[in-house]
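Novice: Got a structure here, written out as structure tokens. Questions coming.
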């Protein structure tokens with residue numbers, strides 16, 4: 001009997017213990033939603049979350065606001081027409097499925113921060129870069145992703161990216177050109193009925209003030225919508241462009257000034273005597289070859305183009321001025337050599353008698369008179385009644401004419417070159433800057 005009594009007591013105690021545990025568990029399960037913190041509530045929501053469907057599935061489209069912080073802009077390549085951009089991309093949208101604040105209206109945490117491993121559990125916009133020349137890759141092995149979820153389901157998704165982006169360039173005004181390089185973001189799979197990309201207001205874009213470029217000045221920027229239509233539908237698109245103004249001081253020192261010096265050097269031919277043929281020919285050919293070599297230097301700064309650039313126009317004009325100095329010497333030398341026609345036997349015959357004259361353009365006309373009563377023939381030089389002049393005067397005319405051509409060129413060539421420079425620099429520098 002004693003044994004039966006002891007077993008009864010143990011059995012009653014065990015049943016009472018079990019009932020007390022059940023009551024406690026029921027009470028905890030009933031009060032759990034009111035005691036959840038933001039993190040625990042979000043954890044419960046993620047267990048039932050399906051990332052295969054966008055927020056507001058079968059409802060209104062998802063409105064994604066985008067903001068960029070440009071950390072660095074570098075490696076601008078004129079030949080490849082691309083540049084490297086390092087930036088922080090911030091995207092915000094609302095996902096009602098992650099409203100953990102509904103579990104407890106007075107959540108103490110303003111947001112819950114998750115690491116990048118959470119990307120495997122939540123939906124994110126399928127944004128891609130339309131003008132990207134390669135896949136995005138993080139800078140180094142540092143943490144480059146930030147995810148914040150707010151109590152009402154608002155999500156902040158921030159990522160640091162480095163991209164090689166294409167930049168179509170126009171070099172018609174090179175090296176006084178301004179290039180507009182941009183970045184274009186689109187949704188890859190969702191049309192405008194499902195997803196809408198918008199720039200954040202009032203500051204959609206921020207640029208690091210410490211950015212320094214070796215060949216360009218980073219000016220302003222523009223942001224705008226650019227929805228695009230494909231065969232598969234209309235997709236949301238946003239774009240930002242950066243204004244890059246080329247610094248042309250280097251080209252003035254390396255191309256324009258040497259070209260000007262060559263043109264001025266070619267004018268030295270006008271002060272050399274017309275009979276110094278080797279000196280003038282050597283000067284003309286040397287300056288011509290130098291100008292051609294200089295123009296080839298400027299061609300390496302840009303890719304091969306089907307149109308002319310501003311620097312090409314300047315180089316070609318300088319080469320034309322140098323070439324015209326050679327042509328001018330050819331004309332001077334031709335006129336100057338005509339005096340040699342009077343240095344031979346005919347010239348000596350004309351200068352034998354001081355009274356010898358010749359007509360212009362008919363230089364000389366020798367006639368024989370009828371014999372006189374002494375049957376002695378007389379020889380004489382017939383005089384033209386108009387424009388008669390001495391042979392020495394004709395020689396002097398050719399010498400003076402050749403010298404006068406040089407004197408006129410001394411003023412004509414610099415004047416024309418000055419007019420060209422005024423027009424060129426006004427068009428490509430003054431108008432471009434204004």
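Cβ coordinates are placed from backbone N, Cα and C, and glycine is handled just like the others.
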Novice: So which range, 313-336, 337-360, 361-384, gets flagged transmembrane segment in TrEMBL?
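Specialist: It is 313-336 that TrEMBL describes as transmembrane segment.
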Novice: Residue list, the transmembrane segment (279-298) vs rest of chain: Cβ under 8 Å, 6 or more residues beyond ends.
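Specialist: Same-chain contacts beyond the flanks: 251, 254-255, 258-259, 262-263, 265-266, 268-269, 272, 311-312, 315-316, 318-319, 322-323, 325-326, 329, 333.
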Novice: Can you work out which residues elsewhere in the same chain, 6+ from the ends of the transmembrane segment (313-336), have a Cβ less than 8 Å from its Cβ atoms?
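Specialist: Distal contacts: 255-256, 259-260, 262-263, 266-267, 269-270, 274-275, 277, 280-281, 284-285, 287-288, 291-292, 294-295, 298, 398-399, 401-402, 405-406, 409, 413, 416-417, 420, 424.
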